[in-house]
Amino acid sequence: MPHTLWMVWVLGVIISLSKEESSNQASLSCDRNGICKGSSGSLNSIPSGLTEAVKSLDLSNNRITYISNSDLQRCVNLQALVLTSNGINTIEEDSFSSLGSLEHLDLSYNYLSNLSSSWFKPLSSLTFLNLLGNPYKTLGETSLFSHLTKLQILRVGNMDTFTKIQRKDFAGLTFLEELEIDASDLQSYESKSLKSIQNVSHLILHMKQHILLLEIFVDVSSSVECLELRDTDLDTFRFSELSTGETNSLIKKFTFRNVKITDESLFQVMKLLNQISGLLELEFDDCTLNGVGNFRASDNDRVIDPGKVETLTIRRLHIPRFYLFYDLSTLYSLTERVKRITVENSKVFLVPCLLSQHLKSLEYLDLSENLIVEEYLKNSACEDAWPSLQTLILRQNHLASLEKTGETLLTLKNLTNVDISKNSFHSMPETCQWPEKMKYLNLSSTRIHSVTGCIPKTLEILDVSNNNLNLFSLNLPQLKELYISRNKLMTLPDASLLPMLLVLKISRNAITTFSKEQLDSFHTLKTLEAGGNNFICSCEFLSFTQEQQALAKVLIDWPANYLCDSPSHVRGQQVQDVRLSVSECHRTALVSGMCCALFLLILLTGVLCHRFHGLWYMKMMWAWLQAKRKPRKAPSRNICYDAFVSYSERDAYWVENLMVQELENFNPPFKLCLHKRDFIPGKWIIDNIIDSIEKSHKTVFVLSENFVKSEWCKYELDFSHFRLFDENNDAAILILLEPIEKKAIPQRFCKLRKIMNTKTYLEWPMDEAQREGFWVNLRAAIKS
């Protein structure tokens with residue numbers, strides 16, 4: 001029994017491992033370029049079967065805990081390996097030994113508590129390494145990165161356990177584009193640990209406390225170009241004179257991101273910034289100012305000099321006691337050299353006139369996403385305010401009047417670029433006043449319904465996209481770029497009103513087509529973006545867009561954004577791929593051709609009818625059909641005559657003087673029906689013929705040259721033939737009065753030809769001795 005249980009357990013383990021391996025393989029997908037993706041696939045290990053074809057492997061967000069020496073052994077061409085957010089706690093020493101081509105390695109947010117330099121020694125091509133978020137306390141016992149001579153981006157540290165930076169940690173690294181250190185809980189920093197790196201383009205430093213900030217600053221000031229401080233509480237920061245006497249600082253940009261600061265500590269920070277002689281740009285993102293703007297300091301503290309700072313950026317600044325905030329007048333003197341200021345989404349509603357006047361060098365001012373209205377803007381743009389200002393951005397504020405906004409800015413003599421997008425203007429007056437040097441105006445997303453002469457004619461660039469415009473008819477002689485996407489325009493603007501236009505972006509409007517003539521009318525146009533419209537793919541439009549090879553150079557969004565909206569059977573297809581049928585593209589020519597063909601057919605039919613007596617046949621058929629449609633007076637036939645005699649009027653003498661005498665004077669006499677004698681006067685002749693034939697037992701045809709020339713004889717012959725067909729009897733008797741060659745019989749007498757081929761006929765003898773026999777045979781035929 002125990003043996004059986006043991007076998008069952010072994011089989012269960014084998015099956016479980018088999019299923020796990022199968023699941024691992026199913027969770028990994030690779031394309032033909034060797035890019036393999038297996039993120040978030042619940043993998044418990046690195047899939048087996050990986051070969052040298054794999055160039056990129058993403059196994060992030062799985063449950064991998066262990067990497068063995070054999071897992072990646074065959075991946076000799078692997079260039080990128082992403083193992084972030086797994087549960088990796090162990091990596092064998094030679095796990096990466098075959099990855100000499102690896103350039104990107106991400107081991108962040110795992111459970112690696114000890115780092116080994118043996119992992120990284122084979123990675124001679126590595127340019128990116130991320131070790132963030134692992135619970136190690138230090139960066140190993142020996143230098144981890146000394147062999148990574150090509151490393152450009154390095155990210156190390158964690159929020160909780162990384163407490164110590166040692167001098168050996170970054171030994172061997174001479175140049176880095178980016179170095180990110182999460183030293184949120186840093187407690188020990190060995191002097192000159194970061195000084196070994198000769199040049200770092202961008203250093204990102206996470207520090208909760210500022211205790212070791214000055215020491216680190218001393219080491220990096222001569223090697224870092226951009227220093228970024230994150231998640232730091234500087235409320236109690238105090239600057240102390242540095243013992244180094246550094247004068248060759250390389251720092252050009254200092255960024256504070258998610259930093260807490262007070263009125264007093266801000267002054268201390270500015271003292272620190274005074275040590276950076278080459279500082280050009282200062283940035284505060286998502287910071288909190290726990291103060292009221294009381295920056296008044298003692299005489300001993302007046303050592304602040306903004307130096308060469310040209311750019312100041314403040315985004316999403318939070319001031320809890322905003323309602324108590326001061327007027328910043330103590331800082332006015334520090335702003336005279338600043339050229340670029342951005343204060344975005346920080347609840348700014350006013351720039352005091354005095355501050356505006358102190359900003360003498362300011363060329364660029366961005367006050368986007370604030371609370372500015374026309375009345376306060378007028379105070380900000382007072383006389384002598386912003387004398388050098390060229391670009392003013394007031395995007396997404398509370399401006400409501402274009403006329404007032406333009407008048408307010410008249411004091412800014414050098415202003416050339418104005419962005420007042422995402423304000424709610426709704427309407428536009430007929431005329432406005434603007435600074436006379438205006439070149440650029442952005443009115444996108446302002447809910448305007450029309451454009452008027454309020455737009456300055458000096459503009460070179462105009463953006464009115466994402467509004468409710470259905471017409472653009474402004475004369476802007478100097479305009480070079482027009483952005484008018486996401487409106488309701490149904491056609492391109494008039495080119496004669498925009499003679500200098502180089503760029504036109506008019507996508508996502510209501511345009512259905514445009515022609516070569518329209519585009520050619522824009523003589524200077526270099527770039528057109530017209531995708532996203534509902535194009536009617538007519539033959540003319542398709543021919544123009546598909547045959548003009550140079551069009552692709554002008555249409556920057558061609559062909560992906562040019563889709564047909566109609567005809568319905570090509571809706572959604574790219575314009576360049578649509579092909580219409582000949583009938584759709586040449587309808588006029590096709591109809592004309594069909595009309596010509598129909599005319600020729602009618603003409604040919606007429607000629608054939610004339611040549612082969614078609615009209616005569618039609619008349620005869622019509623008469624027959626009319627006669628057949630008439631109701632019969634009695635269900636049974638009333639035979640009144642022994643024979644109806646069909647003959648030509650020119651053969652009347654033979655019929656009346658010979659035939660009638662022989663048959664009607666015979667005993668018993670035969671009763672014959674002759675048209676001259678027995679037709680009812682006033683009755684339609686066709687009806688007389690039909691009635692006489694139907695009331696006669698037989699029909700006698702007196703054939704001669706005269707007979708075949710008679711139209712009425714032809715009728716009588718045809719009606720007799722129809723009767724023969726309808727009643728299936730032998731009612732026709734042919735008398736050949738004179739010899740007739742069948743070739744001489746006209747084609748329209750096809751019935752006569754057929755009867756002569758199938759029936760025996762009586763021939764009138766020229767010898768009088770034989771005539772008695774002729775009459776005997778005729779009488780016998782009539783009686784039969």
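Using the three backbone atoms N, Cα and C, a Cβ is placed for every residue, glycine included.
Here's what Swiss-Prot has on this protein:
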SIGNAL    1-20  signal peptide
REPEAT    78-101  repeat 'LRR 2'
REPEAT    102-125  repeat 'LRR 3'
CARBOHYD  ASN114  N-linked glycosylation site
REPEAT    151-175  repeat 'LRR 5'
REPEAT    176-199  repeat 'LRR 6'
CARBOHYD  ASN199  N-linked glycosylation site
REPEAT    200-223  repeat 'LRR 7'
REPEAT    251-278  repeat 'LRR 9'
REPEAT    279-308  repeat 'LRR 10'
REPEAT    309-337  repeat 'LRR 11'
REPEAT    338-361  repeat 'LRR 12'
CARBOHYD  ASN414  N-linked glycosylation site
REPEAT    415-437  repeat 'LRR 15'
REPEAT    438-457  repeat 'LRR 16'
CARBOHYD  ASN442  N-linked glycosylation site
REPEAT    479-500  repeat 'LRR 18'
DOMAIN    525-579  domain 'LRRCT'
TRANSMEM  588-608  transmembrane segment
TOPO_DOM  609-784  topological domain 'Cytoplasmic'
MOTIF     761-778  motif 'ATG16L1-binding motif'
Under 8 Å by Cβ from ASN414 (N-linked glycosylation site), same chain, sequence gap 6 or more: PRO387, SER388, LEU389, GLN390, PRO435, LYS437
Which same-chain residues, if any, lie at least 6 apart from ASN114 (N-linked glycosylation site) yet have Cβ under 8 Å of it: TYR136, GLY140
Neighbour tally for ASN199 (N-linked glycosylation site), based on other Cβ positions within 10 Å of its Cβ: 14
Under 8 Å by Cβ from ASN442 (N-linked glycosylation site), counting only residues of that chain that are 6 or more apart: ARG395, VAL418, ASP419, ILE420, SER421, ASP463
Per DSSP, three-state class assigned to ASN442 (N-linked glycosylation site): strand
Beyond the flanks of the repeat 'LRR 7' (200-223) by at least 6 residues, Cβ under 8 Å: 157, 159, 175-186, 189, 191-194, 229-234, 236-237, 239-240, 242, 244, 246, 248-251, 272, 275-276
Secondary structure composition of the repeat 'LRR 15' (415-437) [DSSP: H/G/I, E/B, coil]: 0 helix, 3 strand, 20 coil
Helix, strand and coil residues within the repeat 'LRR 2' (78-101) as assigned by DSSP: 0 helix, 5 strand, 19 coil
Long-range environment of the repeat 'LRR 11' (309-337) - Cβ separation under 8 angstroms, sequence gap at least 6: 273, 279-297, 343-347, 352, 354-355, 358-362
Whole-number mean of pLDDT values that fall within the domain 'LRRCT' (525-579): 85
